[in-house]
Amino acid sequence: MQLCRAFPARSQLPPSRSSSGIINQPWTMAVKTYNWISLWFLLTTPIILWDVGYCFMRPRSMIGGDLHWIWEPYGIYQNVDLLYGIPALEEGNGFTNAQSLMNIFETILNLTYLYLAHISSWPPATLIGFGSASLTLSKTILYWAQEYFCGYCAVGQNDMKSLIVYWIIPNGLWLLFPSLIIYTLGKDLCAQLMFADRSAAALVEGKKK
């Protein structure tokens with residue numbers, strides 16, 4: 001409740017009384033957008049799809065594959081994170097492609113949010129963005145957790161510098177930004193719910209009068 005109280009509903013119009021004596025109360029509020037959230041969803045889309053392409057096209061996308069030129073930087077990463085490398089592929093480890101499939105669904109939600117928020121101006125777009133960021137954060141936590149519980153089986157072979165530069169920092173961004181998005185859009189959802197509650201209460205009160 002403190003989170004909601006700290007950010008009251010915006011764009012509230014004072015109720016007005018019609019000629020019949022019924023209070024006219026606005027039922028919707030304009031969707032609030034943030035440039036940094038929209039840029040995150042937009043700029044990460046090609047990155048995510050590039051990553052998905054690498055995972056689904058293995059081994060052709062890997063070192064020695066005929067399509068490796070498209071994913072040349074993964075020549076380093078496949079040896080940093082063995083889930084992206086030969087060991088996981090030979091073992092038939094399904095986690096890599098499973099998380100890539102989830103990435104597709106999350107990207108669709110991200111683009112849906114951008115459309116609904118910036119083109120359609122649909123107030124519930126906030127819920128789409130919040131849900132998408134929640135999925136991304138949950139999946140990323142799972143990604144880190146499975147590494148911890150398997151005894152760093154996919155990244156334990158790295159020296160600390162390589163681990164920080166190629167794994168912790170890049171993957172850490174997918175913990176940081178979704179968390180900030182969840183917090184920011186969560187405040188707006190609280191504001192929207194409180195706005196709807198007050199509007200409904202005003203309408204009921206108006207009918208009683």
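The backbone N, Cα and C atoms fix where each Cβ goes, glycine too.
Residue ranges 65-84, 125-144 are listed, and TrEMBL annotates 125-144 among them as transmembrane segment.
Beyond its flanks by at least six residues, the transmembrane segment (37-57) meets 65, 67, 70-71, 74, 84, 96-97, 100, 103-104, 106-107, 110-111, 113-114, 117-118, 129, 132, 177, 181, 184-185 of its own chain at Cβ-Cβ distances under 8 Å.
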